[in-house]
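Among the features that TrEMBL reports, domain 'Tr-type G' is placed at 74-255. Among the features that TrEMBL reports, GTP binding site is placed at 83-90, 148-152, 202-205.
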Amino acid sequence: MISRPILFNIRSHINNKSYIIHRNTLYISKRINRSLNINYGNLFRNAVRPLQKRGHSSSSNPNKNIDLSKFPAENIRNFSIIAHVDHGKSTLADRLLELTGTISSNHLHQQVLDKLTVERERGITVKAQTCSMFYEYKNKDYLLNLIDTPGHVDFNYEVSRSLAACQGTILLVDSSQGIQAQTVANFFLAFNEGLAIIPVINKIDLPTAEPDRVINQIESTFELDVSLYVKISAKSGIGIDKILPAVIEKIPPPSGDINKPLKAFLFDSWYDTYVGVVCLMAIVDGKLQKGDKIMSAYSEKKYEVIDIGIMHPEQVITGHAGQVGYVICSMKVATEAHIGDTFYHIKNPVEPLPGFEPAKSMVFAGVFPTDTNEFSRLDESITKLTLNDASVSVQKETSTALGQGWRIGFLGTLHMDVFRQRLEEEHDANIIVTRPTVPYKIIYRDGTSKLIRNPTEFPDPMEMQNKVSELQEPMVLATIILPEEYMGSVMDLCGSRRGEQLEYNYMDESRVMMKYSIPLAEIVTDFHDELKSKSSGYASFDYEDMGYQTSDIVKMNVLINKKPVDALAAILHRSQVAHVGREWAKKLSEVIPKQLYEVIIQTAVGGKVIARETISAMRKNVTAKCYGGDVTRKMKLLEKQKEGKKKMKMIGNIELPQKAFYDFLSTGSGTSKKK
């Protein structure tokens, strides 16, 4: 075993699956000694890891010394890429990294900045990623800090945090699809931050590309200067060389003063097994160096800077802070990193920067371990994962059916699904996730109000009658952009989801933008899937919070042999109760295994039963040995069996297996699959 190897040359022969590691006279080769029982894949990865921890990327020269003091503020640009889903943000980031020599053009992986497994599997960006590039323009060297952002509405909080560290942004639009819903939302995020915006038209080499039509859409919708447009194809590399000059000329440099006291802005963080919490900071004023003593304005805790550097694209130690970079400062506990916090030198306190508006969770779900012995380990895993995702809210809860767990708030159902997948893949967790719910508001007669995120918090009938004035549900302003020929079917869909049309207007001759007021509860399940189905995949969808509105909502209980199962309770609009109640009862009857006695499944609101399904008991033929004689002998045996079944039903408890919960909770309430 090689401990803490000092590596000067690492070479990987991919074709014949051999790895060679040089350390002066040390030479290990799979081709020389095939008899050794060595896992060369692990040996190679363990050898590379210390280099990466010391700040060297596999794509750059490890001995290269980066001196950031040579880059004054006027030679620094901080910018991001914003766009709708699948408009080519990560591919464009790859081309810019190749253009500046940050990565080689024959790099093995596409979407270099999509580092999570879930991002590569789904083909979407989940986490905003930062990378610093060096670029020479008009005989001057520039430091360009790029932030690649997500495009889905569920990860809007990542975009807002990234824009806070930038002075400008590239607005990327697909030349064949045109402006989509999230394009509009991201534009106004950048516009409200006062950022310089450079519109870039991508995929101009496609047969269906219509760049001129898209430019007209952008001009009429956003009123951007026509002289700023850049037409490119990120995949084939057409026009890529025009982007960075436009960034340098159109985006202003940071306005900070290096001579002022340090003022650093924490806008992201993650947990590293070896060094603890890694903070991603934007240096607003002053300078930060290795060995400095800094303090958090939020917690007033003191830290010493151990390592500092830039992402190039992996961690590269520089010893001196640029405008955007990572800081390792002996922060061991995940809860100490507060997104939006301001850091300063201990002897020079400064006025804290305005932080981010806290993320507002739109969807809540219960998360429970399948094995109760895994609770402590899962608690630690959730804590580490939420450090890397500040938009998640976590609150512990207990269920009589599922035991101890958490009520976790997400920004949407995709966000919830990605969080679940990251728990399973990155932390090897086995969990059950309950059906998503939205936060409702109770208005009491004394003028007070209360938010309920869990159906178990819903007021009982006595409290409803004596104390509650009204119940309210969250509403969202939905923006839908689609071709004109699909307007009718989409309007029918929104109407069936209790939506109210507010406005619609034509973006050009064939595309329409509609705005609807829709209850949040109606869009967190399968609304997006149905929208894509109704519009043949052409419609795009985005939503924002509109506050609360009075509504006729009730709590539907699921009873198994007259005992309520709290994990299956739901809050619904009264108009949905009959349909959902029948579907749930039917589906439960398909996933619950037969017992030795009859099982009755009911859905009910208050004391009124909505639907009922019965699972017949497993029966043994107790009369099999009666080959004749009086019929009373058979009747006696059957009566004895009947009494036994009745007794078992009185004292027995229905144990829902984890698979039954998973089968029921992992599919939509409006569907029923025959097992």
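In case you wondered, yes, glycine gets a Cβ from its N, Cα and C as well.
Note that TrEMBL annotation is computational and uncurated.
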Checklist outcome for this item: Long-range Cβ list for Ile204 (GTP binding site), cut-off under 8 Å, min separation 6+ in sequence, same chain only, gives Ser175, Pro211, Lys231, Ile232, Ser233, Ile238, Gly239
Checklist entry - When you measure from the Cβ of Ala83 (GTP binding site), how many other Cβ atoms are you left with inside 10 Å? => result 27
Checklist outcome for this item: When each of the binding-site residues Asp86, Lys89, Thr149 is scored by other CB atoms within 10 A, the minimum falls on Asp86
Checklist entry - the domain 'Tr-type G' (74-255): mean pLDDT? => result 83
